[in-house]
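Asker: Pasting a structure here, questions to come.
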Amino acid sequence: MLEEYRKHVAERAAEGIAPKPLDANQMAALVELLKNPPAGEEEFLLDLLTNRVPPGVDEAAYVKAGFLAAIAKGEAKSPLLTPEKAIELLGTMQGGYNIHPLIDALDDAKLAPIAAKALSHTLLMFDNFYDVEEKAKAGNEYAKQVMQSWADAEWFLNRPALAEKLTVTVFKVTGETNTDDLSPAPDAWSRPDIPLHALAMLKNAREGIEPDQPGVVGPIKQIEALQQKGFPLAYVGDVVGTGSSRKSATNSVLWFMGDDIPHVPNKRGGGLCLGGKIAPIFFNTMEDAGALPIEVDVSNLNMGDVIDVYPYKGEVRNHETGELLATFELKTDVLIDEVRAGGRIPLIIGRGLTTKAREALGLPHSDVFRQAKDVAESDRGFSLAQKMVGRACGVKGIRPGAYCEPKMTSVGSQDTTGPMTRDELKDLACLGFSADLVMQSFCHTAAYPKPVDVNTHHTLPDFIMNRGGVSLRPGDGVIHSWLNRMLLPDTVGTGGDSHTRFPIGISFPAGSGLVAFAAATGVMPLDMPESVLVRFKGKMQPGITLRDLVHAIPLYAIKQGLLTVEKKGKKNIFSGRILEIEGLPDLKVEQAFELTDASAERSAAGCTIKLNKEPIIEYLNSNIVLLKWMIAEGYGDRRTLERRIQGMEKWLANPELLEADADAEYAAVIDIDLADIKEPILCAPNDPDDARPLSAVQGEKIDEVFIGSCMTNIGHFRAAGKLLDAHKGQLPTRLWVAPPTRMDAAQLTEEGYYSVFGKSGARIEIPGCSLCMGNQARVADGATVVSTSTRNFPNRLGTGANVFLASAELAAVAALIGKLPTPEEYQTYVAQVDKTAVDTYRYLNFNQLSQYTEKADGVIFQTAV
């Protein structure tokens, strides 16, 4: 084992990275070596045991905790470990498999003082809290000490407070840094391996950034040169962290700019991030990791500057001269406590533990922690989002700025973030989900899996289902197209994908750490954002699609001066706020998702859309049959699926919807008259904010076209199919087609559309994300593309690609003629589709499809109603 491990260490060192943590097999071999250590290896073996094993409920942690417990009880022997040392090491494992041995040790006079000290600083107690409380009530003095320590918040007060002054060297990335820059999609397979994945950060050359190997390895030498100044680095940018929810972006930044976490291999916390604008999901993920994110004017900060940041005073000064460079205000003073606690999640768990201990001891509420500012009382009404979050908190509504912890009814996880979520769940010692429904998909890696992806496909489903979650299968399709069909109206949820944007209810997408917390605990921390209201009125004009309305939102915001495309001094009214949409109440739920989904591109924290009851009733009746069909097909966890079906049936028995109050307050209101939108609206390369009418970009030569992603539904493929079917001869473009789900693919096949796609020469992908994320298949380098996908960041769909975002209808026309049409040409083509619109835009009602109803009708529930 040692020979193999040292070989691995040498291989990793050649890449300039730390070795991987020990796995369960290596840990088992280490146990045998510790029992009979080879001469001269003693110190090395102890270091491996102490510092190179993941904490929580990792498989290796299970072996480690079992061995240390046996040493503590005298059931195993090692010349390197005393029972006292074993208890001390158990105390470094954070939670999970180490807890019971520590609690047992409270009854051993020799070990109890060490165990009590360890438990005093262990936060992940969950129901084991009551075991300690029981011992304390029975008179165990050490258990009493632990309870008092928790009540006094010693776990928090013994950690260093945030310093008055932070001296750092500026690592500045000008313009916008999106999460694809920090965690490139083609490298998604390596995300759980933080040191390896971090090598790809900023691997594409850009102003001021010098990658070691462009397109492969980021600016490691540049970072190391700045570190020679002797101070930690701070990540600084005009706009930071837009785009996907990937926690790997934060992991990579902190790998170079954060601090080691004692006894936790290959993970870092802390760090400082300064941005003119910091995207909300990235901001939250930084908070969760114990970093200090600050929104501040960075125009006076340059690469390599040494600066002093005063977090309490809200000042940034030149380190040498003391010149004032910028002022700021922390988003919330609670950030100061979050940094001290090692992150927002440890703070929440720790505060909860302190509160529980004080209640058990009959003590008043602790005054140790900073509280979120009280929100001013208001006699105004609540918006729809404020009412939804309020209901999830057991109150009528939640005002903007208020801190709350809403109940998580639905949680989603996908396969490029799922392995990180699994690691976070292990770190949280989670063996069962508290959220009502947790769903895992395999949509980003199913098409062209690497061996590491195949391993994920084999291992992640059982991990999720064993904890009571629902696991999809590779080839089933896109996370959102499935999760939407499992939702309950007016409820709150989250997901480890920035496009988790519920069309019924509301969701606040998050990084893997927060998603794991929400799944494990059933709640999620939220500083309630303000809302921006977008009101549509009037009638849609001929040839105009919902995708055009999606793009009308940034276009009209630009017209009102509420959004700028320029990154320096970026204005974005939607950033960090909730987008609330009204005026389209009769949309089908599948259509409504097109609008809520795109709130991700606005950097909005969440989105609601006001719908009438009828489309929601239709949707739920269909979804009940789909979920029963899943049970018949052997999907699990069965109890969770049955419980969700019962939840839908309960709502249908009394279908009431929350509504915004007429006098609700909004940060801004954008009115859009549908009569004014007479031509398609696209987003130009390479920025989803850069919305333009078709006439402004007409005639642009197009090389490739992609019709797919979570922004599409079956109607889009029928429309494209009808346009393609009328075309004779070869397409002048390369066309990619990827239906969102296996159900869409089956129905399109049955209706003959797959034959049409095949004849046209289209490349038909399996249901899933396909090109959208750019982590597997990609368009040709430098291609000009029309895509129905979610976002068009630089290099996302292909290296150097120029991507226009557009409707499926416009994309199909571009595929046919090899260029962007004029508005008149476009109208000529889509008139063909409009003639059969009733047939084209039919949606999947599973309760009307015999292949689903026949199986669903045979399902007998196994859980009590």
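Heads up, the Cβ atoms here are built off N, Cα and C, so glycines get one too.
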Asker: Out of Arg191, Arg358, Arg547, Arg742, which does Swiss-Prot tie to the same substrate site as Ser244, Ser245, Arg246, Gln414, Asp415, Thr416, Ser498, Arg791, Arg796?
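Answerer: Within the candidate list, Swiss-Prot flags Arg191.
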Asker: Could you tell me the maximum Cα-Cα distance in Å between the residues recorded as binding substrate, namely Arg191, Ser244, Ser245, Arg246, Gln414, Asp415, Thr416, Ser498, Arg791, Arg796, rounded to a whole number?
Answerer: 21
Asker: Take the mean position of the Cβ atoms of Cys710, Cys769, Cys772, the recorded [4Fe-4S] cluster site. Which other residues of that chain put their Cβ within 8 Å of it?
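Answerer: Output for this site, in sequence order: Cys443, His444, Val478, His499, Gly708, Ser709, Met711, Ala738, Pro740, Gly768, Ser770, Met773, Ser789, Thr790.
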Asker: Can you tell which of Cys710, Cys769, Cys772 has the least company, meaning the fewest other C-beta atoms within 10 angstroms of its C-beta, among these binding-site residues?
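Answerer: Comparing Cβ neighbour counts within 10 Å for the binding-site residues Cys710, Cys769, Cys772 gives Cys772.
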Asker: Just the number: how many Å between the Cα atoms of Arg791 (substrate binding site) and Cys772 ([4Fe-4S] cluster binding site)?
Answerer: 8
Asker: Going by C-alpha distance, which of the binding-site residues Cys710, Cys769, Cys772 is nearest to Gln414 (substrate binding site)?
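Answerer: Checking each of Cys710, Cys769, Cys772 against Gln414 (substrate binding site), the shortest Cα distance is to Cys769.
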Asker: Could you state the whole-number distance in Å separating the C-alpha atoms of Cys710 ([4Fe-4S] cluster binding site) and Thr416 (substrate binding site)?
Answerer: 16
Asker: For the binding-site residues listed here (Gln414, Thr416), tell me which residue's CB has the most neighbouring CB atoms inside 10 Å.
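Answerer: The residue with the densest Cβ neighbourhood is Gln414.
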Asker: As a test of the contact definition, list every same-chain residue at least 6 positions from Arg191 (substrate binding site) whose Cβ is closer than 8 Å to its Cβ.
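Answerer: In sequence order, the residues whose Cβ lies under 8 Å from that of Arg191 (substrate binding site) (at least 6 apart) are Ser183, His197, Arg246, Ser248, Asn251, Thr416, Thr417, Pro419, Met420.
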Asker: Of all the binding-site residues given, Ser245, Arg791, which has the fewest Cβ neighbours within 10 Å once its own Cβ is left out?
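Answerer: It is Arg791 that, of the binding-site residues Ser245, Arg791, has the fewest other Cβ atoms within 10 Å.
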